[in-house]
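Here the structure is laid out as C-alpha cells; the discussion comes afterwards.
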C-alpha cells in the first residue's frame, strides 16, 4: 500500500525589525545644497580633499605668484626705498600668464569631470536646479581666481606698511589692485568656464582654454607693439586689446586709474574707449554666464 505524499506547510516570510527609522529632521533645501557645492568646488580648485598630486599644480602656482612679492618687499626694505618697485595692478599683469595657467588647469576640474563621469544628473535629482549648479561652479572658479591674485597683493601691501612706506598711497593702489583682481577673476574666467563645460575631456579643456588665452594675448601684444612702433601719437592700436580678455582688463584698469607708463602701456583709448572696454567686459561675463546656463539646460 503506497504511503501518502508528505505534506509541507507553505514557506512564510518573516519581517525582521532592524531598527530602521525614517529621517524626520529638517530638510536643508536648495540653499544649503548650493552652498555645499560651492564650497566643495572651491576646495577642489586647490586640490583640497583630493589626491596629493592634485594639490601640486595649484600650490605651485600659488607659490610662483606669491614668492616674488616677498622678494620685492625684501629688496625695497634693504634698499630703503620709499615705494615698491612695482604697482599692485601691474604685478597682476606681469604674472598674467601664470594666472592663466591656473585658470586653464582648474576650470576643467570643476566642470569637465562632472560631465565625463556623468555625475551632473545626480546633482539635478536633488532639490538643486541647473541654475544653482551653474551659479555654484561659476562662483567657485571666480573666488579661486580672486584668492590666487589677492594673496600677493596682500603680501605687497602688508610689507609696504611694515617698511614704513606711505599709507595713503599704498592703500589707494592696493584698492586699485583689488579692482583689477576682481576683473581678472570675472572676465577671463567667464570665457574659460564656458570652454571647460563644452567638453567632458579635461585635457581638451585645458588645451583649449590655454590656447585661447595665450594666442589672443600674443596677437594683441604683437598688434599693439608693431603699431606703436610705426604710428606716432595714435591710440588706434589699443583697440586690439579687445580680442584678449586679459589685455582687455589691463587696458581698462590702466585707463580707469591712470596706471602704467612707457610706449607699450596698454590703455583704453580715451573716454569712448573706456566705455566700450567696460561694455565689452560686461558683455563677456553676462554672455558667458547665459551660455553656461544654456549648456546645462539639456544635460
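Even glycines carry a Cβ here, placed using N, Cα and C.
The feature transmembrane segment is assigned by TrEMBL to 56-79 (among others). Sequence-remote contacts of a segment are chain residues at least 6 beyond its ends whose Cβ falls under 8 Å from one of its Cβ atoms, and for the transmembrane segment (56-79) they are 45-47, 85-86, 91, 95, 98-99, 101-102, 105-106, 148-149, 151-153, 155-156, 159-160, 163, 165.
Residues or ranges marked as transmembrane segment in TrEMBL: 91-111 (among others).
Here TrEMBL flags 138-162 (among others) as transmembrane segment.
Positions annotated as transmembrane segment by TrEMBL: 174-197 (among others).
Positions annotated as transmembrane segment by TrEMBL: 204-226 (among others).
Look at TrEMBL and you will find 272-293 (among others) tagged as transmembrane segment.
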Winner by Cβ pairs under 8 Å against the transmembrane segment (174-197), considering only 91-111, 204-226, 272-293: 91-111
